[in-house]
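Annotated features in TrEMBL:
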type	residues	note
TRANSMEM	30-56	transmembrane segment
TRANSMEM	76-95	transmembrane segment
TRANSMEM	100-121	transmembrane segment
TRANSMEM	141-160	transmembrane segment
TRANSMEM	186-208	transmembrane segment
TRANSMEM	214-235	transmembrane segment
TRANSMEM	340-362	transmembrane segment
TRANSMEM	382-400	transmembrane segment
TRANSMEM	421-440	transmembrane segment
TRANSMEM	460-487	transmembrane segment
TRANSMEM	499-522	transmembrane segment
TRANSMEM	548-568	transmembrane segment
Amino acid sequence: MELEQNQITRWEGYVNWRNKPALRGRHGGMLAASFVLVVEVLENLAFLANASNLVLYMIQYMHMSPSKSANNVTNFMGTAFLLALLGGFLCDAFLTTYHIYLISAVIEFLGLIILTVQARVPSLKPAACDPSTPCHEVGGGKAAMLFAGLYLVALGVGGIKGSLPAHGAEQFDEATPSGRKQRSTFFNYFVFCLSCGGLIAVTFVVWIEDNKGWEWGFGISTISIVLSIPVFLAGSATYRSKIPSGSPLTTIFKVLIAASLSGCFNRNSSSAVVNMNSSPSNLISGRRQEEKEAGIANKERQAPTNTLKFLNRALESNPMCSSVECTVEQVEDVKIVLKVLPIFACTIMLNCCLAQLSTFSVEQAATMNTKLGSLKVPPSSLPIFPVIFIMILAPVYDHIIIPFARRVTKTEMGISHLQRIGIGLVLSIVAMAVAAVVEVKRKRVATHSGLLDDATKPLPITFFWIAFQYLFLGSADLFTLAGLLEFFFTEAPSSMRSLATSLSFASLAVGYYLSSAIVAIVNSVTGNTSHRPWLSGANLNHYDLDRFYWLMCVLSALNFLHYLFWAIKYKYRGTGTSTG
């Protein structure tokens, strides 16, 4: 009787911060997730405070060329987001999300200390440029110090992005409708808090860096990440953490290898085994067994599903591959991973569009009238627009749009994950079309004003026109990022959830890399077929930027059709979700 009582009060498969069984009523819930949300504000502030203005630091103080600086920042950002996969993998395989966050925060802190010291001590930077002394690009030990600091930060950020969203999401009981609704709210407010940290970073900290010195900017980031650690630790008594279940990559490769070997060595008997496994009698017994085990998480299926049938070969007993024998559960888990990958691939194009916000959109605004009354707004602060839009839209979405959608559709979710991602992709198409129309208007004003060849004077058109594309892309980011995080966490097998959730950030990284590749390809192709490449000229007014935006719009539309193909076919596995 006492054993049965313990099983009722314990969270099965979860531990507290002391590695003892997590208890219902004491661990998990919205209070525990609230600590994670506050930590996300501080963590993203520490990261974006430097990333948003790092190009200027490299140009002005490290004396790198603008193109080299831009490449270094892109590589830094891309590496940080790609390393989220490493963070997610470690959470699933070896350590809990709780421990990975703390280790990653310390690593980021060490990187920021190195950058702060270098910015503070003149002898650790290249000599300042003056008329009598030519500029020397940073090199040798000073360059090693710069990149050591940057990539320690990238490693720390990757670990945090791979662990923090999953740590917050696993505080909720997915077996109850209220737990699933709270988890959905958590993901909305996670993106809200991410934006809140970004808002402080691109306004207050950027102003500090430009006016008080970069050592103060790096110092604020260092203080922010240090503060996040005691805030995170303050919630320790409330957290529950998923027990790591071994390398998810081992399971994936094991199933793929077993299926391949069985296909090669046992072709004749494979069809008989698969047919036996999926025979009506076995399916009926499987259903009966599932009914007996209803309410128990992660129940073992008795027969493999008919999707991705080639993986069912991994279940065939074969003397030549006995070392890679697989269970039905492992095979089904790998099927789920393969089914979510096309959804991941379809979001890369959206993030490619988002990359334009920090490049061409800022350059467009720099040619326009950036005065707001008597205040002159620096173009580098323009990312404030999508950040503010997200911060306004997130609560509206959670408290108005979703309750209304639930009443209309009479479903638990109101708007499914894939519908939400699809809305984001449509908004990105609209954003690129709006950007193209605004660029046509901007160039028309430049022509009529006689300023087509003069890039020194601001055009008589307000930079608020650029805000329209920021509005749509900011909204697209909210819908897609929050939808992706929840989709991957909900759909992934419990043993792979952190790794799957980190795919959202990997998509961001690949999108940034793809953006650079598209620009290079466009210039190469148009340079061969016309008098000059679209994205080159004496100044931005000579660029065919409107054509580039229309191209991005068409590519986004084709990507959306590709997404529809996979989204319509997808069948949800998570409790409380609907199909399509």
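Heads up, the Cβ atoms here are built off N, Cα and C, so glycines get one too.
Residues of the same chain lying 6 or more positions beyond the ends of the transmembrane segment (421-440) and with a Cβ under 8 Å from any Cβ of it are 343, 346-347, 349-350, 353-354, 356, 361, 364, 415, 465-466, 468-469, 471-473, 475-481, 483-484, 487, 545-547, 549-550, 552-553, 556-557, 559-560, 563-564, 567. For the transmembrane segment (76-95), the list of distant contacts is 47, 51, 54, 103-104, 150-151, 153-155, 157-163, 166, 244-249, 495-503, 505-506, 508-510, 512-513: same-chain residues at least six beyond its ends, Cβ to Cβ under 8 Å. Long-range Cβ contacts of the transmembrane segment (340-362) within its own chain (Cβ-Cβ under 8 Å, at least 6 residues beyond either end) map to 52, 379-380, 382-383, 386, 418, 421, 424-425, 428, 431-432, 435, 466, 469-470, 473, 476-477, 480, 484, 487-488, 491-492, 500, 503-504, 506-508, 510-512, 514-516, 518, 545, 548-549, 552, 555-556, 559-560, 562-563, 566-567, 570. Counting Cβ pairs closer than 8 Å to the transmembrane segment (30-56), the top stretch among 186-208, 214-235, 382-400, 499-522, 548-568 is 186-208. Same-chain residues lying 6+ beyond the ends of the transmembrane segment (214-235) with a Cβ under 8 Å from its Cβ atoms: 31-32, 34-36, 38-39, 42-43, 45-47, 49-50, 53, 57, 61, 101-102, 105-106, 108-109, 112-113, 115-116, 119-120, 156, 205-206, 208.
Within its own chain, the transmembrane segment (186-208) is flanked in space by residues 30, 33, 36-38, 40-49, 52-53, 165, 168-169, 171-172, 216-217, 220-221, 378, 380-381, 383-384, 387-388, 390-391, 394-395, 397-398, 477-478, 481-482, 485-486, 489, which lie at least six positions past its ends and keep a Cβ under 8 Å from the stretch.
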